Every structure is written in C-alpha cells, then in structure tokens.
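J.: This is the structure I have questions about; it appears just below.
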Amino acid sequence: MGSCCLLWDAVAVTICLLCVQTSASDSGSDPLLHIMIDDSGGIRVTCLSAGWYPEPQLLWTNSRGETLSPDSQEKDSSDRGLFNLSSSVVLTKSSDPVLSCTVRPSAPGLEKKTSISITGLFPQSPPEKAVLWVLLTVALLFSLLGAYLFRRFRKEHEEASKELEWRQFLKTASLSAAEVTLNEDTAYPYLILSKDRRSVTHWAIWQDVPQTTKRFSCLPGVLASKSFTSGKWYWDVEVGSWDSWAIGMAKESVERMGSFALQLDKVGRETEGMRDWAAPAPHSKMLLLLLSLALGAEPGAGALRLNSTEGCEIIHPPRDGGIRYRGLTPDQVQTVRFLPFNYEIEYVCRPDREIVGPKVRQCLRNGTWTDMSHPSRCLRMCPKIHLSLENGRAVPQAMERVPVEGTWVEYHCNSGFRLVGSSRSNCTKAGRWTSPKPICELRRSTASGSGLGPWVTLWLCWAVQVPGFWF
C-alpha cells in the first residue's frame, strides 16, 4: 500500500510536474536584429528570438505603427518544447528608416520589442566613380562650349574679313554711299513695302493698289525714289531667306506696262557683288531697280512657287472684334495662312466696344507679331458722362482711354460742398454704371437756416448788460 501510495504519489508528482511545465509560459529572449546588404541593393534586417512557450507572434512595424509583411519567416521548436523565431524584411531607400521587431506571446505576458534606424546605411557609389563621372561631364560641356565658340569666332572672323574687304574696295573705287528709299507707286502689286519704304517683301496675293503708268504691271520689280545722273555710288542690300532677288539700274523712262524682255546681263545678283552699270547716255536719270525673280513673265505665273510659310501666321481677332488687313479683301484673307514681314494689322471692335491693349501689331523678322505678351480685348463701354462732376472731381481708376467694363470712377466734392450719392461707380459688362451719377451740393449753416441766429445773439447781449441777471 505504502509503495503503492508511493507509486501513486510519484505518478501524481510526475503528472503535476508535467501540468506545471505545459501550463506555464516561458518568456523568450529579447529580439536580436541582424543587418546585411541584400542582393537587390537593399538592406536585409533579420530578427531572432528564442525560448518562447507557447508559440508567440512576431510582428514588423515602422515608425507610424504600420505592420510590414516579412520576406521570410521561420519557426522551430527545441527538445524542451520551446519555440525559436526567425524573420526577415528587405528595406529600400524609399522605406521608413525606423524599423521595430516585436515578439508578442500568445498567453498573457510581456511582449518584447527591439527597434533600429537604418538612416545612412544604404550602399553608396564609390567616391572615385562619382568624381570620375563629374569630371567627364565637365569635360564634355567644355568641349561643346569650345566647339561652339570656335565656330562662332570663325564665322564672325569671316564676316569681318568680308566686310573689311568690301570697305577697302569701296574706298579704292571712291564710291559714295547712297541713301535709298523705295517708291511705292512703282511697286508691282505682288510686292509689299514697309512703312519706312526701306524694305520689300514678295507676297502671294495681288494687292488692291491704284493702277497707274508708274507701276510695274507685269515685271515684279520696284524702283527707288532717288535718281542718279553722275558720280560713283554704292548701296547695301540685305537679302532675306530668299536668294531670288536681282539688283540693277534702270532709266527713269523704263517701260513698266505690259510684258517685255528683260536683259539679265544688265542686272546683278546679290551673290555676284558690285557691278559697273554705265548709263546709256550722259546725264540720264538712273534709278535703282530691285527685281524679284520668284515670279514668271506672266502675271501671277510664279505665285504658287512662293514660300507660303515665310512671314507671320494669321492670328485670331479678339472676341466681339475683327482685324483690318491692309490691301486684302475678305476672300483673299480666307486663302492665306501667313502674312509678310513688316505687314501691319489693325484690331477693330463693335460700335459699343473699345479696344483695350495694342491696337496695331506688326510682323517681325523672326516670324512673330509685336506685343503678343499684351492681349488685345474688345470691352463694352459705359457712358462717358460719369467722367465729370460739377463742383467736384471724377477720378478714373484702371482706365486707359475710355470707361470699359472692369474700370470704375471715384467722386470727390470741392471744399464747401457735400457729396449726394455714391462715392464710387463701377462699369459693368452690360455697359452700365452700378450707381447713378452723384452731385455736389452746397453745404448750409444750421443757425442761418433756422432764422434764430440774430435773436440768440441779441438775447445773449441783453443778458450780459442787465445787472443781477446772472446768479
């Protein structure tokens, strides 16, 4: 019995010990973080913790408390039934630099946590390699800059040499510079002259100009205004992108109406330099002739060969307005896309509106219109009667020439007058003022208005003179 009791006691003790061993929870080691460079270029962080029972949960979190998914995770148990944990995550440069590994037991108990910051731990390029790339980039930039400067210097040197050679030739030949302006009354209708009459553009549309005996009707040319009878003269002509202009001299009586044969041996091209044209008779009046070779002998024969992209592209008119084209009919405007250099357009508005901004634009040599950074708008006008105030001042605000929508007027009366009405009125989109026009009314004294002023004065004088009146 006793041994039996001892046996049962031993069994009981063994069973009790087993129960204690399986019901108690073992708190494992603090999480240990191991850092190494991953093959992908990131940083692999591994969390190790051992000696846990029952099986715990391992979590990865960032600085904001967000849970991260592990790249790998392993769990094994030892002979004693304790669990060992291993988990890894891979971080990149864009990841949160703060990382925490937390082991949380299944049974109630204290969780364990280890944190780390990986700022500055990512692999960097070798400094020698970075310096090499910088040096190569700088060397390439200097090479490109040197090539550009060399080409520019060579071009400027060639131009300067040609200019010097030309000036020496002029000095040796004892030639005088001629101030030349073109005669617009002689210009072929396909040619457009600038406002200063010092440049000409070949256009694709026949201009609506007076047809006189002075004007070339078939020959695409224009004569200068000044004639030469003697002496040696020269003139500089700058040819644009077209190389189809001829320069020559013509008698004042040159035939200008109808078709006729042109003696090209009497005409020099710009690329051939200066030529010596002798007058057919002494003291004959000779005029400079600029001839466009882009057209054929017949009127309009070469119009289709004209470079229609030379000039400025036609722009849209402002809202509630239009564009006035000089020398072009509405049908002609519909057929072209570009207008020639130096050509001017003028904005026009409906009768109840006024142009605000540039009213005239000119086509520049770079193919753009002037003042395109300042928009032109057609705005509705308000009555100008609000711009004056009798016995006062009407001060316009944000106004250029006339009152238009968006502007306003402030009113001030002269000294001795008071303003009756609003001190400000705005011009609306409907072309009306927000307030009626005020008036300046003369200020009046209260005493004189009541009629009691003299009686009060007399009563005060009597009160002062009567003895015993004041107590």
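Cβ atoms are placed via backbone N, Cα and C, with glycine included.
Annotation source TrEMBL lists disulfide bond at Cys413-Cys440. Taken from TrEMBL, the feature domain 'Ig-like' covers 31-117. The annotation domain 'B30.2/SPRY' is assigned in TrEMBL to 160-361. Residues or ranges marked as domain 'Sushi' by TrEMBL: 380-442. Taken from TrEMBL, the feature signal peptide applies to 1-24. The transmembrane segment annotation in TrEMBL covers 130-150.
Quick one: where do these features end up spatially?
T.: Sequence-distant neighbours of Cys413 (disulfide bond) (same chain, 6+ apart, CB under 8 A from its CB) are Leu389, Asn391, Gly392, Leu419, Cys440.
Counting residue by residue with DSSP, the domain 'Ig-like' (31-117) contains 0 helix, 53 strand, 34 coil.
Averaged over the domain 'B30.2/SPRY' (160-361), the predicted model reaches a pLDDT of 69.
Beyond its flanks by at least six residues, the transmembrane segment (130-150) meets no residue of its own chain at a Cβ-Cβ distance under 8 Å.
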J.: Taking DSSP three-state, what's Cys413 (disulfide bond) in: helix, strand or coil?
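T.: Cys413 (disulfide bond) sits in a strand per DSSP.
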J.: If you draw a 10 Å sphere around the Cβ of Cys440 (disulfide bond), how many other Cβ atoms fall inside it, taking every protein chain shown into account?
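T.: Its Cβ shell of radius 10 Å holds 20 other Cβ atoms.
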